[in-house]
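**Q** Not my notes, these are from TrEMBL:
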- 12-31: transmembrane segment (TRANSMEM)
- 43-62: transmembrane segment (TRANSMEM)
- 72-137: domain 'TIR' (DOMAIN)
- 139-158: transmembrane segment (TRANSMEM)
- 178-198: transmembrane segment (TRANSMEM)
- 291-311: transmembrane segment (TRANSMEM)
- 331-352: transmembrane segment (TRANSMEM)
- 364-385: transmembrane segment (TRANSMEM)
- 397-414: transmembrane segment (TRANSMEM)
- 420-444: region 'Disordered' (REGION)
Amino acid sequence: KFLSLLIVYNSGPAFAISCLVSLLVGVLRIYRLIPDETWTVSAVYVAYLVIFLFWQRLRALFCAPRMVFMDKLCVAQHDEELKQEGIEGLAAFLNCSRQLVVLLSPRYLSRLWCVFEISTFLQDRASINKIQIMPLKTALLLLMVASCWHLLASYYFSLIRNQVTGQHWRGAESGLTFTFAMLSFCSVIVPLSFYVGIGLMGELGEVPNQLQSFRVQDAKCYCCSHSHMHPHSGETLPCDRQLVYETFKKWWSADAEEGSEQHLERFNTLVRKHVAPKIARGLGIALPFRYLVYMAVFCIVPWLSDFMALWAEARDHRAVISMWSLRHYLLWGTVGTALPFSLGMSVWLWKLGSRIEKRLNSRWCAVFIVVPFSLFGVSALWLPISVSLAATPEDNPLPVFLFIAAIAITALVWRGPKCQEPLPSKQPSPRVSQEKEDDATFSI
């Protein structure tokens with residue numbers, strides 16, 4: 001969950017700042033203000049990691065800090081009276097929130113306090129657009145695919161540099177060792193990422209059924225699960241369910257004299273009709289596109305400085321803006337196109353793998369059936385550009401046309417209704433959000 005929040009709030013600034021650092025390193029290398037060596041790309045990685053891990057602390061030095069609400073920290077746990085006041089004030093905290101971030105798991109709507117959050121936002125129908133849904137396993141998937149592509153990109157760009165400069169590995173043995181290590185790592189990570197992705201799609205596939213039969217009466221809470229007795233001290237626990245139901249009655253009762261559960265059924269219907277479609281639209285976002293760019297496509301950013309230095313070194317008498325220059329940077333940009341294409345296609349293959357798993361009753365069988373399609377798809381997109389760059393003169397525009405076609409194909413892959421991200425809210429940028437685990441709410 002912590003990694004998920006880092007991705008949501010820090011990956012964007014980390015990506016933007018690392019792009020600037022890469023451009024700066026490239027310029028400094030061109031003018032020989034720093035050594036023109038490949039190791040200088042490490043400065044970009046360092047900048048990214050520092051911003052990714054500590055952006056909120058750095059941001060607080062020159063901007064107003066984000067307001068953070070986490071009930072297990074902000075609601076007193078040492079004093080029962082203060083704790084009760086904090087719980088009764090949860091609705092006020094939620095009403096002050098500009099965005100609700102749901103780190104979705106299959107159990108989310110089976111938790112009473114999670115349902116309470118949704119109920120608070122539903123008081124204002126327009127607030128439905130302020131709910132951002134991100135499957136909880138997304139962080140793990142992004143970490144896996146990003147690590148794999150970072151290794152592949154580093155290996156590929158190192159080969160390009162050696163080819164352009166005429167250098168070779170320091171000994172054939174070390175080159176073969178590195179290649180073997182890279183292939184071994186990817187042969188493990190790729191199937192594992194598909195295993196996690198197929199499992200995620202299977203879990204999310206059950207959520208629509210849960211929503212269609214949603215009843216707040218079936219939601220679980222800590223006190224009722226322990227018969228209103230503290231499992232360690234034996235003290236009597238006040239009933240959270242009664243408190244929530246009384247609040248629901250104030251919000252959803254049309255008549256104070258109506259049946260005892262009419263307000264609950266009215267809320268149930270509201271969730272099925274309005275919340276269910278919102279969540280359903282987000283179910284296909286195993287890899288939200290913007291976070292995919294911030295985490296995985298970042299693998300090409302550090303090497304931009306290297307390509308700038310190579311371009312300046314090899315330009316000689318050629319024009320700054322020329323077909324040769326464009327083709328040179330295509331070597332760099334092709335990876336940035338093949339990566340989102342392969343991962344966009346992976347979302348579809350994970351869904352297919354989920355169906356195969358149900359038929360064969362084996363997820364690993366499904367993994368090894370669909371993984372080759374992913375590898376074939378990436379090769380079909382990547383190889384034509386690479387081959388045309390190697391086989392055509394430096395003023396031939398064919399690779400450029402193939403690259404544009406690859407971008408169009410990638411856009412089509414991500415255009416599918418199950419891969420699109422929900423429309424962003426038109427509200428101001430969020431300063432407060434919530435994320436739930438049992439009785440824990442994280443608010444930023």
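Glycine is no exception: its Cβ is also placed from the backbone N, Cα and C atoms.
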**Q** Please indicate, using numbers and ranges, the residues of the same chain that are 6 or more beyond the transmembrane segment (139-158) and have a C-beta under 8 Å from a C-beta there.
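**A** Same-chain contacts beyond the flanks: 3-4, 7, 38, 178-179, 182, 185-186, 189-190, 192-193, 196-197, 200, 286-287, 291-292, 295-296, 298-300, 303, 306-307, 332, 335, 339, 343, 346.
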**Q** Below 8 Å between Cβ atoms, which of the listed ranges 12-31, 43-62, 291-311, 331-352, 364-385 makes the most pairs with the transmembrane segment (397-414)?
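**A** Answer is 331-352, with the largest number of Cβ pairs below 8 Å.
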**Q** So which of 12-31, 291-311, 331-352, 364-385 is most in touch with the transmembrane segment (43-62), counting Cβ pairs under 8 Å?
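**A** Most Cβ pairs under 8 Å with the transmembrane segment (43-62) come from 12-31.
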**Q** Quick one: find which recorded stretch in 12-31, 331-352, 364-385 has the most Cβ pairs under 8 Å with the transmembrane segment (291-311).
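**A** Maximum Cβ contact count belongs to 12-31.
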**Q** In the domain 'TIR' (72-137), how many residues does DSSP put in helix, strand and coil?
**A** 38 helix, 11 strand, 17 coil
**Q** Per-residue pLDDT averaged over the domain 'TIR' (72-137) comes to what?
**A** 74
